[in-house]
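Novice: If you scroll down you'll find the structure; I have some questions about it.
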Amino acid sequence: MNSTLLRTTALRSALRASAPKAATRAGLAGTTFVRGKATLPDLPYDYGALEPAISGQIMELHHSKHHNTYVTSLNNFSEQLAEAKHKEDIQAQIALQPLINFHGGGHVNHTLFWENLAPTKNGGGEPPTGKLAQAINDGYGSLDAFKEKFNAALAGVQGSGWAWLVQDTQTGNVLIKTYANQDPVVGQFRPILGIDAWEHAYYLQYQNRKAEYFKAIWDVINWKAAEKRLK
Amino acid sequence: MTSPSYSLPPLPYAYDALEPHISAQIMELHHSKHHQTYITNLNAALKTQSEAVHTADITTQVSLQQAIRFNAGGHINHSLFWQNLAPASSADAKTSAAPKLSSQIKSTWGNEEKFQKAFKAALLGIQGSGWGWLVKVETGNEQRLAIVTTKDQDPVVGKGEVPIFGVDMWEHAYYLQYLNGKAAYVENIWNVTNWKTAEERFVGTRADAFRILRASM
Ligand SMILES: [Fe+2]
Ligand SMILES: [Fe+2]
């Protein structure tokens with residue numbers, strides 16, 4: 001497997017790594033209007049480390065191609081947005097919103113997703129503990145019952161999308177929600193754990209048998225990362 | 001209660017007939033698994049709906065609408081799609097098989113290349129799963145061509161709209177062969193476009209285009 005990805009073994013906040021870095025803002029024509037660029041975060045494990053649940057080939061394409069395309073496109077449209085703001089072109093700003101939502105969502109979702117996964121030797125698949133375990137038991141009766149509900153939600157995604165365990169920021173309750181395409185978990189809900197239900201996430205290994213992918217992925221779920229997101 | 005039951009229409013060519021542009025493995029999974037699943041789920045939803053109609057259970061009827069739309073859409077779209085593809089070596093895959101349509105494409109977009117460019121841009125602009133279609137839109141005695149994209153399995157069944165040809169932009173349609181390179185899939189699809197079917201749909205009526213659905217009941 002690609003050894004360049006072994007650089008980072010410790011789990012770290014990839015989102016933080018991709019946050020704006022420099023506060024420089026250029027005002028001259030022809031120069032960039034974007035303060036900092038989103039970057040593709042390193043995976044905290046090797047491409048092949050999630051086998052047999054997710055193949056190394058899937059992980060490599062998913063991270064280095066799909067996620068990278070969202071990052072590149074987000075930077076491109078962010079730059080256009082900054083330019084449209086600079087020119088006070090409101091129509092152009094509005095036209096760019098769905099593109100920022102889609103590509104920005106793709107970047108955010110995948111970054112959270114990589115953190116949600118871990119090789120079994122690093123604790124992948126080990127059940128949640130503490131507050132999150134309690135919340136799941138309270139809401140769903142047991143972890144197995146929760147997984148069943150979550151898998152039903154994943155199976156019910158019509159087209160491309162994601163299923164998330166989210167926390168309602170108003171009530172503190174956890175619940176399962178599905179999101180279309182790359183719509184990100186923002187606003188009233190806080191992302192705790194997400195699973196990618198796009199076909200590119202499983203097709204090379206599972207083809208049309210997506211229920212098998214939904215079943216297998218729990219073996220490499222990083223519940224520790226999920227616990228840290230719960231407030 | 002009886003309800004209509006749909007069955008998988010046979011492909012008008014072999015699974016490997018579209019190679020090298022669409023692999024036999026993709027075609028076989030796409031037709032025998034994906035399309036079949038839409039039909040299976042559609043028949044199940046229609047059966048439940050028929051029972052709900054019989055028992056005047058209006059809430060169940062309403063709750064079934066999205067499942068029917070999605071799975072019927074999947075059946076309609078794929079049935080049209082198989083027919084609008086043809087082996088690259090066949091006469092049907094040449095634009096000369098569609099003289100009237102070609103002429104309207106030229107008068108609408110300037111030339112075939114510009115049309116293909118516009119169609120490609122529309123297909124690649126789909127966010128998530130969906131389809132791109134060339135449609136004939138009829139309003140009174142007027143008719144025009146348009147490129148439309150639809151999300152998920154939403155079918156082109158609008159009033160006065162006749163689907164001419166469609167391209168499946170779900171990842172299952174190309175991923176095993178093209179991986180994340182969907183632009184190459186979109187370019188190669190022109191090699192296996194069935195222009196004869198396209199011409200027939202263009203000169204025909206809406207009912208003609210959807211005739212395949214009656215045949216698969
Ligand atoms: Fe993905
Ligand atoms: Fe399809």
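We count from 1, first residue shown onward.
Cβ from N, Cα, C; glycine included.
Pasting the feature list from TrEMBL:
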BINDING   A:His62, A:His110, A:Asp196, A:His200  Mn(2+) binding site
DOMAIN    A:39-118  domain 'Manganese/iron superoxide dismutase N-terminal'
DOMAIN    A:128-229  domain 'Manganese/iron superoxide dismutase C-terminal'
Novice: For ligand 2, pick out the binding-site residues A:His62, A:His110, A:Asp196, A:His200 that have a CB under 6 angstroms away from one of its atoms.
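Specialist: Near ligand 2: none of them.
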Novice: What is the Cβ neighbour count of A:His62 (Mn(2+) binding site) at a 10 Å cut-off, with all protein chains included?
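Specialist: So the Cβ neighbour count for A:His62 (Mn(2+) binding site) comes to 24.
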Novice: Listed in sequence order, which of the binding-site residues A:His62, A:His110, A:Asp196, A:His200 sit with a CB under 8 A of chain B?
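Specialist: Answer, by Cβ distance to chain B: A:His200.
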Novice: Given the model, what does the mean pLDDT over the domain 'Manganese/iron superoxide dismutase C-terminal' (A:128-229) come out as?
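Specialist: Here the predicted model's pLDDT, averaged over the domain 'Manganese/iron superoxide dismutase C-terminal' (A:128-229), is 98.
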Novice: Going by a 10 angstroms cut-off between Cβ atoms, which of the binding-site residues A:His110, A:His200 has the sparsest surroundings?
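Specialist: Taking A:His110, A:His200 as the binding-site residues, the minimal 10 Å Cβ count falls on A:His200.
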Novice: List, in sequence order, the residues of the same chain other than A:His62, A:His110, A:Asp196, A:His200 whose Cβ lies within 8 Å of the centroid of the Cβ atoms of the recorded Mn(2+) site.
Specialist: A:His63, A:His66, A:His67, A:Phe113, A:Trp198, A:Ala201
